2 protein chains.
Amino acid sequence: MEDAMTRQIKLGAFLPGGGQHIASWRHPDQPLDGAVNLKFHIELAKAAERGLFDAYFLADGLAVAFGGGVEGGNAKVAGFEPVTLFSALAPFTEHLGYIATASTTYEEPYSVARKFASLDLISDGRAGWNVVTTATEAAAKNFNLDQQLPHAARYRRAAEHVEVVKKLWESFEDDAFIRDRASGVYFDVDKVHRTDHRGEHFKVEGPLNVPRSPQGHPVIVQAGQSEDGRGLAASTAEVIFTAHQKLHTAQEFYRDIKSRARAIGRNPSHILVMPGVSPFVGCTEEEAREKYDRLTSLIIEEDGLALINALSGGELDLAGADLDGPLPPAPPTEGMKSRQELIRRIADENNFSIRQLYQWIASARGHFTVVGSAVQIADTLQEWFENEAADGFNILPPWLPTGLTDFVELVVPELQRRGLFRTAYEGKTLRENLGLPFPQTRWVSDFNEAAE
Amino acid sequence: MEDAMTRQIKLGAFLPGGGQHIASWRHPDQPLDGAVNLKFHIELAKAAERGLFDAYFLADGLAVAFGGGVEGGNAKVAGFEPVTLFSALAPFTEHLGYIATASTTYEEPYSVARKFASLDLISDGRAGWNVVTTATEAAAKNFNLDQQLPHAARYRRAAEHVEVVKKLWESFEDDAFIRDRASGVYFDVDKVHRTDHRGEHFKVEGPLNVPRSPQGHPVIVQAGQSEDGRGLAASTAEVIFTAHQKLHTAQEFYRDIKSRARAIGRNPSHILVMPGVSPFVGCTEEEAREKYDRLTSLIIEEDGLALINALSGGELDLAGADLDGPLPPAPPTEGMKSRQELIRRIADENNFSIRQLYQWIASARGHFTVVGSAVQIADTLQEWFENEAADGFNILPPWLPTGLTDFVELVVPELQRRGLFRTAYEGKTLRENLGLPFPQTRWVSDFNEAAE
């Protein structure tokens, strides 16, 4: 096990050009064109780096995200593609990592390996790949399919896809480049390797035409919660994003992932579990509450109902329902039962009216909302961090930039006072800052992951 | 026809982190790690913008380019992926365009539309897409194939691919975003459009999840020389890169493209033909010649032979041949006859020995090499520009950065003195600088391309 004295919280920041709260774009702090404003994204990256965050994180979808904004109230309906955006941001920071999402279902391994390797070079070793299988029908219809592949098929393809990408990232050994003007030898031909992969889903000869970066290759990130997702994450992920409302479910997930990793011979401290947290921070609890209430007051009724509808898989008909009454009974459904059940459980457990329900889920869309002073929020993070629920957190600011800068200016110093967070970056690369090992290529003869 | 008084030369710069000359990396001016050095690329972009170039251009291949360096002497064997690289460079310039290459054979239309639309937003309307079908077996083997599709099949797919990408770029009308905090309406749902494409190769529902840029959508660029390639270029390209050694073949190509465009109702002045030119510029002709000879002296014999071998399709066995003797007879071949014939014609026409042949092709690999004073080079460019051979030129500096900065400091002022080149950028977007029309979406009812 790692030395408990040196273990510190890792922090990601989820900054998609607008806050996590559904009404964030109506808040006067947030630029109206945030989703397509490069200067704003540069400002966010610099703020995250000032706060010594490990990484800037972006989710991704391969279709227009109408959900939660069917009446035109969705500020995230369209925007930048993450890997190009991060390539533009990386030169404006020196230490911040950049974790972008890309799909194993709709992109080829050579293309994925290549764009992330390029981002990794552009950022001098600060890239991460969040591996997703993309679970929407809308994406399938943008990529020549009438409907998406079944869940298990997507995960089987994902496992092989990640394997191929990692092989491609070992095409050039770290010392392959000689660059000797006198002899005219630029690279050592014996240190360039074909991939020669032939599997169930992919045939890829290689080598990749991008060399390795100072951190070897991008950090592998995942967020799968299902049985298939956990299996893939335990075997390949180095960082895992996850969503939990309660300490005990976060602990269950944390222990499960670490034990799966241990079972297949991986060092569990090389898989960092980072739940999402959406913080409303004030100098006092009352001030934090005011910030929360202000955003709540900005929710458009129709957007709130559309959000319930989207999160419950489109099966609940709320037209004409009394918003201050309870959620109506669900019709029989063949749709996404687990999502609908989650929404209903939240309503029942809290005795929420329809309005209270959408106000609650509007804040963090399933992630953990914390409202309080810096001390209160640090208390919660510390409790999760010290009780096998988290190695760090993926911070989802409710609105931007203030939701982020509040955290940087108030919570980060409190965590530092407690010795729970760095006061300076430890290294230059994302791996060094996350405390993850350098991935030797399979061509290095004495490599043995078990010995790490 | 356009007013002849205002017609000026357009300039692209081909700057792949190393010069066009095969030995450029051995020149002491050029950084040894140029291919993976971001700061060097930023310096190149700034130099091109100082020279008021229209665009920075990058070719692309979807496999390691061993050709011309089988013995490890190829400095371009691996490097950045172009669209990520350009995303990183764009914020460091204000006017320079960025034309990246992407393949219609190995990438899906949704992915291509998306990454170029994102680069177009990042650069505030300065992106261009060089459409290629990717003609190498090595690329096919990186994308699940044992061998590549036939030429005609690739071009049929390309035509539909470009059509889908252009439809996707019209998903959001230019005024789709309302962003009204008071009413809570972010976008006009009536100004977002599905693509609903169902064709021979692609089914794409859309819409694209990236809005349009200040120039509408990226400039479409092509470089096809074959019958299929010319047909596709005439129907869809706005800029055409081409390779010619002689004025008369450039004229034949130029007139053919313009007449094809006219025949299908396009305004021929909206298709810019830009031959490649690799210039060695000196204050005097003698100084230019010295620069040329210096690079020639840096060619490694094996790299020269490998280059002949690569350009002749790998069919010529030169092992043990007398380098100061003639090219040996070719064996019967099923390979790329046109390439082999081109190499042989160059050798025959110039009465070249093997050594002279590789020295000659090492300089610009099939492009037009000009060696002389600024006045001499301007004379040549002017002759081509004024005699229906070129609307502009794609400058391929033999080595970097000096091959570029020589051109910027010596040739650009000479072209300006003659009124042949701008003294300031005309606009903010790539289209504005190239004099290309803004592409209205098909949703604008009064749009009529013929009336432009």
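A Cβ is built for glycine as well, from the same backbone N, Cα and C atoms used for every other residue.
From a predicted model like this one, the values you see are computed outputs, not experimental measurements.
According to TrEMBL, the features are:
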BINDING   A:Asp60, A:Thr101, A:His151, A:Tyr155, A:Ser226  FMN binding site
DOMAIN    A:23-384  domain 'Luciferase-like'
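Locations of recorded TrEMBL features on the structure.
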residue	record	Cβ contacts under 8 Å, 6 or more apart
A:Asp60	FMN binding site	A:Glu81, A:Pro82, A:Ala100, A:Thr101, A:Ala102, A:Ser103, A:Asn130, A:Val132
A:His151	FMN binding site	A:Thr133, A:Ala135, A:Ser226, A:Asp228
A:Tyr155	FMN binding site	A:Thr133, A:Gly224, A:Asp228, A:Gly229, A:Gly231, A:Leu232
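When Cβ neighbours within 10 Å are tallied across all protein chains shown, the highest count among the binding-site residues A:Thr101, A:Ser226 belongs to A:Thr101. In the three-state DSSP classification, A:His151 (FMN binding site) falls within a helix.
For the domain 'Luciferase-like' (A:23-384), the model's pLDDT averages out at 92. Secondary structure at A:Thr101 (FMN binding site), as computed by DSSP, is strand.
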